[in-house]
């Protein structure tokens, strides 16, 4: 294949669903319904947290930020994917691909650090309940979210710059449905070991450091819960952490499989399947896991709906 400078390449062609040509209309309908439901549930979560003062706590503040992040995360990938399912030529410009990768990495990396901040919030709530309002004030919560965004922005900027400064084939095809790291790297003519190692180490740091922080938080949390005198108290404490743990397992499990396995085990079909789970299904399940099963949130939602109905009647 002819190699050209990366700035000359005009577009990439997606081949992610090319083997499912007969099912693309069905996939479009299914993914569209899931996407609309995800947007709707996240909108309900954010508006309920904003409108009900009982939910103006650090835990729900982080949850609202998580919902905003996931809404933006799906917006970066899913609308383009839906358009491509109906289009004959499934392509994206060189600049568009770079922007999509940067936005995807920025939101994904920030998501990892945000989950670590939520783990710290649960640690303070259970291990230091009397000092919770002091240790988790507005400035601390805002600072944790800002730190997560700065870390995500920095990592995304470095990886995107490393990838798109490579020479690409004149006709670049991606065996994927969006501009993820592995398929774009695979379409490059060649890339130095330094680039591969740097990207791998950055991905590892983004996954391992937050995961270690979450692990440390839960070691202290479990130790504190086991010392509670009543079974009911232990159950309530565990229930406040269960949702966070489920999301952590799903997020880090999928991300570790995609970004931390050896290059020799790369499979475009497996990556596309796993990517569907964390770009469409995980953002769909997270609102259900975190909020729609939460009694406190459901009570707040009923209050917000009741006030809205009353105001309309007046």
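Backbone N, Cα and C atoms are what each Cβ position is placed from, and that goes for glycine too.
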Candidate ranges 272-292, 293-313 [criterion: TrEMBL lists as transmembrane segment]: 272-292
Candidate ranges 25-51, 98-120, 140-164, 199-226, 272-292 - greatest C-beta contact count to the transmembrane segment (58-78) (under 8 angstroms): 98-120
Residues of the parent chain within Cβ reach of the transmembrane segment (25-51), under 8 Å, 6 or more residues beyond its termini: 17, 60-61, 63-64, 67-68, 70-71, 74, 78-79, 81-82, 85-86, 280-281, 283-284, 287-288, 290-292, 297, 300-301, 304, 307
Arithmetic mean of per-residue pLDDT over the domain 'G-protein coupled receptors family 1 profile' (41-290): 86
Stretch contact, the transmembrane segment (98-120) with the transmembrane segment (199-226), Cβ-Cβ under 8 Å, 3+ pairs: yes
